[in-house]
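The structure is given below, and queries will be raised subsequently.
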Amino acid sequence: MLKSLDLRPFRGTALLGALPRPSIGTADPTGSVREILSRVKNEGDSALYDLTKRFDNVTLDHLQVGKDEMEAAFGRIDNALREALLAAKYSVVRVHEEELKLLAEHELIDNFGMRITYKTQPVDRAGCYVPGGVARYPSSVIMTASIAKVAGVREVVLCVPPQPDGTVDDATLAAAHICEVDYVFSIGGAQAIGAMAYGTESVPKVDVIVGPGNVYVSIAKREVSQVVGVPSSFAGPSEVVVVADESVPPKWSALDIAVQAEHGPNGLAWFITWNEEYAKAVEEELESYLDEASRKDHIASTLSTQGYSALVRNRDQAIEVANLIAPEHLELLYHDAGQDLDKVTNAGAVFVGPYGTAAYGDYVAGPSHVLPTYSTARFASVLGVSDFRKRMHFIEVTRDAVDQISWAAEEIAGAEGLEAHSDSIRVRRSEGELDEA
Ligand SMILES: NC(=O)c1ccc[n+]([C@@H]2O[C@H](COP(=O)([O-])OP(=O)(O)OC[C@H]3O[C@@H](n4cnc5c(N)ncnc54)[C@H](O)[C@@H]3O)[C@@H](O)[C@H]2O)c1
Ligand SMILES: N[C@H](CO)Cc1c[nH]c[nH+]1
Ligand SMILES: [Zn+2]
């Protein structure tokens, strides 16, 4: 089921060479995504109807879902789910209100008499993509839209693929109601990303697009990043690296491999250990779980392409391998894993200790479950408040600064041959103090 790798002999750059390369699937769909985007840009709503027929096999008679329908869905879902969605939103809002405090306006420094102040402002309108091909994701509404609202975004637009009957499922609509989403459209895939990036007759153009999705969605976001803000994470098919030893029940490790694999194709699932016997026990548990699993085909699909069981020398090498993979989720389940956190340099989210299944992060821990995949955790981060806000700085130049530092600016402007630059400074330096009005 998992492909076995013995990484114990490899060190340094040889270790990197021994790892399989990450893959987004057999054929790169960038060409067809570009075609979809260009149709949406040129034809607007009519392309959205047509592409939804083609890729979702659904004939829509309208694109937008009304706020009354969101509220009705909130009333229809069962009580336990309503409470669970509210609890998840509460947790996410709490964490992001703390993050927002870190972005508060602050004076950075008095630099040669120039006061430098930083301030952030929300974007005006954000687009949240919520996936819906091989599963339903009301949690992704909370993990995107509620964060946009905490960030102060004025309007949130949400796109989600339609169900086969053209509707959007109640749990997703209820989550949209809870998060006070302003517009919901039943459009999925690359066409939804194009609609939010360029705007159509029905879909308002947004300033930032966030949210996870399959390879078509993730590539579409990358393609429109010239005209709209898109986080640098490639929030694509789910990934997990589970590191464990005999201190963890093998069934727990096996389930955690299956958790992210059940999202569907093109994902990645690694199991890493330094105990050969334990590796066999986990593999057996995984096989017996798969016999009964309702999403067996999805799990098998990810495991058959990027499912690995790797044997390493020790926990240090396990973390070295994890850092090279840079996975979306890293689980350090073994005893005393807290001692190793400083060694982790590349991962979207890290779960620590035997209870740390990534499923807590998927739903209730508080940080967004929209995380970097496809090795982008080398440079990208979890979705957060700052993805919906722009940073500006204010430079207040005092008379004192004119006296202190003009000489350096004039000198450099002279070297660049930019006369107006140096004149604009010289005139202030030489023409003396203005009366304070
Ligand atoms: N990284 C993260 O933060 C994160 C979070 C949640 C989910 N996910 C991932 O999101 C993904 C969701 O994928 P999904 O497929 O269920 O839903 P999705 O909404 O991302 O994709 C469904 C859409 O894909 C389009 N599509 C399907 N086949 C196509 C084709 N051949 N050409 C062009 N477009 C096509 C359709 O329009 C459809 O509406 C999963 O891979 C899951 O692992 C990632
Ligand atoms: N594991 C996904 C992120 O890769 C998020 C999610 C949503 N629902 C369940 N899981
Ligand atoms: Zn998940």
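A Cβ is built for glycine as well, from the same backbone N, Cα and C atoms used for every other residue.
Nobody curates TrEMBL annotations by hand; they come from automatic prediction.
Feature table excerpt (TrEMBL):
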- GLU328: active site, proton acceptor (ACT_SITE)
- HIS329: active site, proton acceptor (ACT_SITE)
- TYR129, GLN191, ASN214: NAD(+) binding site (BINDING)
- SER238, GLN260, HIS263, HIS329, ASP362, GLU416, HIS421: substrate binding site (BINDING)
- GLN260, HIS263, ASP362, HIS421: Zn(2+) binding site (BINDING)
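Help me understand the surroundings of these features in the structure.
In the three-state DSSP scheme, GLU328 (active site, proton acceptor) is classed as coil. In sequence order, SER238, GLU239, VAL240, GLN260, ALA347, GLY348, ALA349, LEU371, PRO372, THR373, ALA377 are the residues of the chain that are 6 or more apart from GLU328 (active site, proton acceptor) and have a CB within less than 8 Å of its CB.
DSSP assigns ASN214 (NAD(+) binding site) to coil in the three-state reduction, placing it in neither a helix nor a strand.
In the three-state DSSP scheme, HIS263 (substrate binding site) falls into the coil class.
For ASP362 (substrate binding site), the same-chain residues 6+ apart in sequence whose C-beta sits under 8 angstroms from its C-beta are SER139, VAL259, HIS369.
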Could you check what DSSP calls HIS421 (substrate binding site) once collapsed to helix, strand or coil?
helix
Can you tell me how far the Cα of TYR129 (NAD(+) binding site) sits from the Cα of HIS421 (substrate binding site), in Å?
45
Check TYR129 (NAD(+) binding site) against DSSP and tell me helix, strand or coil, would you?
strand
Go through the binding-site residues ASN214, SER238, HIS263, ASP362 and pull out the ones with a Cβ less than 6 angstroms from some atom of ligand 1.
ASN214, SER238, HIS263
Among the recorded positions listed here (GLN191, ASN214, HIS329), which has the Cα closest to the Cα of HIS263 (substrate binding site)?
ASN214
